[in-house]
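Input: a single structure, listed below in structure tokens.
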Amino acid sequence: RQSGRRYNLFLKRRLRIDKRHQSKDSIFFRDGVRRIDFVLSYVDDLNKEWEKKLERRKEFESNLQKAGLELETEDKKESEDGKIYFVKIHAPWEVLITYAEVLNIKVPIKENDIPSTVENPLDCMLAPLRLPEKVMHPEPDYFTAPFSKEKQELYLINDEGTFFSPSMRNRIVNYILTRCPYGTEEGKKKFGIKRLLNNGTYSAAYPLHDCQYWKKANDPNCDNERYTLYMEWARFLRFYKEQPLDLIRKYYGEKIGIYFAWLGFYTEMLFLAAVVGLICFLYGLFTMDENMSSKEICDPAIGGEIIMCPLCDRECEYWRLNTTCESSEYSHLFDNVATLFFAIFMGIWVTLFLEFWKRRQARLKYEWDLVDFEEEQQQLQLRPEYEAKCTQKKKNPVTQEMEPYLPITSQAVRFCISGTTVLFWVSLIIASMIAVIVYRLAVYAAFASLMENTQTLQPISGLLTPQLATSVTASCLNFVIIMILNFLYERIAIWITDMEIPRTHMEYENRLTMKMFLFQFVNYYSSCFYVAFFKGKFVGYPGAYTYMFNRWRNEECDPAGCLIELTTQLTIVMAGKQIWGNIQEAIVPWICNWWGRRKARNNPENLYSRWEQDHDLQIFGALGLFYEYLEMVIQFGFITLFVASFPLAPLLALMNNILEIRVDSWKLTTQYRRPVAAKAHSIGVWQEILNGMAILSVVTNAFIVAFTSDMIPRLVYYYAYSENEDLPMSGYINNSLSVFQISDFPDGNKPKLNPEIFVICRYRDYRYPPDHERKYLHTMQFWHILAAKLAFIIIMEHVVFVVKFFVAWMIPDVPADVKAKIKREKYLTQKILHEYELEKLKERLCQGDKQATEKEFIATEGRMELSRAM
């Protein structure tokens, strides 16, 4: 019986479609003429608030129609599941031109006659990387001017239906939706689609994609831009091709366009850093056999005869230095002379990246008509939530109009709550990091005992030392904690930012950005800072070790240094974050969409409407780009703040970003509803964060080279303490290890076993031997090395900062040709507008208009002369 009902329903739908002669996979109203600019959906659930929601919808849709929008409702019987109503919205010409003027939208007035840039002689070599011209530049270049209803004949209006692009149309409709009232509740005026979505009156609000991504639409009026983006941009096999930025901007808007422009530019610049980093790594690889330190450690006659003090109290045994042979060899891959060169190079690279991005951004601002983009008008508009929640009003000193405001006392209370919450979560991260450190200290003895007493682990004991095993497991544990805290804090950050009630959209984004970045900075980098700058620095010496909480003995570095452990920590956290991020971004939305559309796949295509197809996709959300920027900026921190410890970090980032561009484009084109278009002329507050990290990276890398690597102690030994002229570095290992008399061990520290009855043991430090009058105090060599480290930090920082500021001064933010084009376009645009006004005045004079006086005519000619002079 059920299958019979389904068959009857199918026949009814088929007859209905045949009657209309129109597929439901369309972006037009039933008349096939009016374009669908936005879609609202809702479910008619008969709960206790059903009548209230119905009343809100009636009032809201009535007000939308009063604002000039045209609506068409699809009954739930027409939907695939028979539950969802769809309200299709169309903005007619009068509405579009009214709000185009309100939003200061620029439109074409004349085709651009400025000659294009001189061709690059390398263009023929780069031809395989290029996309077809129609894809790269889907529209001709025009001179533009802000739209004005009074000057419509001035603009190049060939067709009213296509004059405003779909992204402009959905931006205008969204502006109306966010400000349209729907009634008064509890004495307060309620308005905006966002509030209606939050209280369940509507289930979704979104603009439509123009076609299916895997094939072109049957409708000849469809531009098929989504299909073009998928074929030319969103497939991984196109990873080597340039991005169609103009088409991205046209389809998704400037805000998304500038993100992909920045991500693409960042990836291009990473190529240079990756190549230099790979060369530095290969230098370390090819010089491994020449490393005197690892040779001495591995030599049975030297490293095999050096007995090291136990690495933990009571349970750990004495051990021979040559057991760390393999780890000392691998540490040379990253701890060599090339490390210093690469740290300095990256300090300069980051400046070049930021300065050249400013130039690229300036060119995009010109090409995308964002030169005169009025930030105040677009971003500084009051948020609807601010207007709704702030009941008190005061006069704006600029506009002299009454506007809502939040009392200073309320602001202070909200900021106190917000600040306390942020501090609590940052403290929670620090507490979790301390917990991981305690884990390191607590399990080290267990790993040491396990590896000594387990025969099956003996073959790999040279590679997998207790230090490395502890470091790897602690890094993995730390990564899991990072992910959990990150998941929880995202929701807390949004909640406390909403609670602050920021006045404008820009304020909201900036506050949320700073909260999230501060948290992520501490969350992701705290463990790396610990290994780089604290581990092994406050250990003490045998018989007088320092303890955390008077219980756990502080960790020591490997005899070959802490740099290899920092490399391990950085690799696990960075690679783990990138892999997890790609799983979240690609696989999760795909699974959700597959599950949501599993029933619809059995239906004929013309029964599965365009609005239903898009309704079943994931929501990109207002903060979608925010998370993309955050992910990339955190990665930027990994490859700049700690790059001296891991020259391959830029290569890992490059490979990830090549994948990231295609994953982001694929999910945006195929897995997400079309986002509402938004304007942006820069990457915003992220630029300042990148500048801050670039300066901090010089300091951190100088400290890593000085205090975490063994470069400075080796150089001091080479120039001041070496006694062998033929092999200056021979004897360095013996020189860097101090002597301790085992009989001086307190009973609480002394190992339980000493089967070979050792008399002395060695430890990593520069202290006097037990028979010296200054027993176990620091030697002069310690102070020489410390002075050299501090001197190196000061010199390196000053050299890199001087070069950075010189490079920044040498490279202008706006290219000379772009400046010339901007001036030329301004002049020609003013000339066109003034000539238009002059012609209008002439017509009025000829018609005998008394208001068009001779003075007005002369003034207009005067403005034309002035613009020519300028």
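Backbone N, Cα and C atoms are what each Cβ position is placed from, and that goes for glycine too.
Note that TrEMBL annotation is computational and uncurated.
Listed in TrEMBL for this protein:
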type: COILED; residues: 43-77; note: coiled coil
type: DOMAIN; residues: 28-245; note: domain 'Anoctamin dimerisation'
type: DOMAIN; residues: 248-825; note: domain 'Anoctamin transmembrane'
type: TRANSMEM; residues: 259-286; note: transmembrane segment
type: TRANSMEM; residues: 337-357; note: transmembrane segment
type: TRANSMEM; residues: 422-447; note: transmembrane segment
type: TRANSMEM; residues: 467-489; note: transmembrane segment
type: TRANSMEM; residues: 516-533; note: transmembrane segment
type: TRANSMEM; residues: 633-654; note: transmembrane segment
type: TRANSMEM; residues: 689-709; note: transmembrane segment
type: TRANSMEM; residues: 782-811; note: transmembrane segment
Non-local residues, at least 6 beyond the ends, that sit with Cβ under 8 Å of the transmembrane segment (689-709): 335, 339-340, 343, 346-347, 350-351, 354, 513, 517, 531-533, 537, 561-563, 566, 633, 636-637, 640-645, 789-790, 792-793, 796-797, 800-801, 804
Spatial neighbours of the transmembrane segment (337-357) far in sequence, C-beta under 8 Å, 6+ residues away: 262, 265-266, 269, 272-273, 276-277, 279-281, 283-284, 639-640, 643-645, 647, 650, 687, 690-691, 694, 697-698, 701-702, 704-705, 709, 711, 796, 799-800, 803-804, 807-808, 811, 813
Other parts of the chain folded back onto the transmembrane segment (259-286), taken as Cβ under 8 Å at six or more residues beyond its ends: 242-243, 245, 248, 332-336, 338-339, 341-342, 345-346, 349, 352-353, 356-357, 360-361, 364, 625, 628-629, 632, 636, 639, 643, 647-651, 653-654, 657-658, 660-661, 664-665, 683
Maximum Cβ pairs under 8 Å to the transmembrane segment (516-533) - stretch from the list 422-447, 467-489, 782-811: 422-447
Integer mean pLDDT for the coiled coil (43-77): 88
